[in-house]
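Written below as structure tokens is the structure these notes are about.
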Amino acid sequence: MRIVLVGPPGAGKGTQAAFLAKNLAIPHIATGDLFRANMSQGTDLGRKAKEYMSAGQLVPDEITIGMAKDRMAQPDAANGFLLDGFPRNIAQAQALDAYLDETGRQLDAVLDLEVPEDEVVRRIAGRRICRNDSSHVFHVEYKAPATEGVCDVCGGELYQREDDREETVRKRLEVYHSETEPIIDHYKAQGLVTTISALGAVEEVTERAMNALKRD
Ligand SMILES: [Zn+2]
């Protein structure tokens, strides 16, 4: 199966992508991983991406598209893949369509994870991270530490990351609405979109997604 997973920040997209890819036995192709791999291997695309990033500039679509194409051309992706974070705008979606056409392949489904905006803000803005170890993660509502501001695991100080502040989250949501959401309409026109609720436990969402894929 060839699947694109879309959803706003805070929808738990990365977690769902990992579970779904495992259940479906297809590679999970995440944009973040592509960038890290290309940069650590020093590929041409990785070096170019690094130049833009060190200059504090956005990486142009062609570079992201190039990395995604290289990855989709790997043998383990011959029978399917799950794309996570790509395409993230119309230009990338059109490039993906063209690439799949050229290689005689088609998408099977676009899974749209839906979360109410206030819930996204609550999920992200409530996160608190331990200064000693960033894997010690708490949440003021959903996973409160025994003592406010103190890590249950190591006693370290808990803080809110800059990226997790409400204003930042609202800004990321705006970007999602204006740049990424249009790809949902793009794929709706191709009859590929299935929308599922991303509320509830991780396993519940995975089950919903698997059922939606089976129906297709
Ligand atoms: Zn800690």
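The chain as shown is numbered from 1 upward.
Just so you know, glycine gets a Cβ as well, placed from its N, Cα and C.
Those TrEMBL annotations? Automatic predictions, nothing curated.
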| 30-59, 120-149, 180-209 - the one TrEMBL records as region 'NMP' | 30-59
| query | Among the binding-site residues Gln57, Phe86, Arg88, Arg161, whose Cα is within 10 A of the Cα of Gly14 (ATP binding site)? | reply | none
| field | Largest separation between Cα atoms (Å) of residues that the record links to AMP, namely Thr31, Arg36, Gln57, Leu58, Val59, Gly85, Phe86, Pro87, Arg88, Gln92, Arg161, Arg172 | value | 29
| query | If one measures from the C-alpha of Gly10 (ATP binding site) to the C-alpha of Arg161 (AMP binding site), what distance in angstrom results, rounded to a whole number? | reply | 14
| request: Would you give the longest CA-CA distance, in whole angstrom, between residues of Gly10, Ala11, Gly12, Lys13, Gly14, Thr15, Arg127, Val137, Phe138, Gly200, the set recorded as binding ATP? | output: 19
| Distal contacts, the region 'NMP' (30-59) - CB-CB under 8 A, six or more residues away | 14, 17, 66-68, 70-71, 84-86, 88
| Sequence gap of 6 or more, C-beta under 8 Å: which same-chain residues meet both conditions with respect to Arg161 (AMP binding site)? | Arg127, Ile129
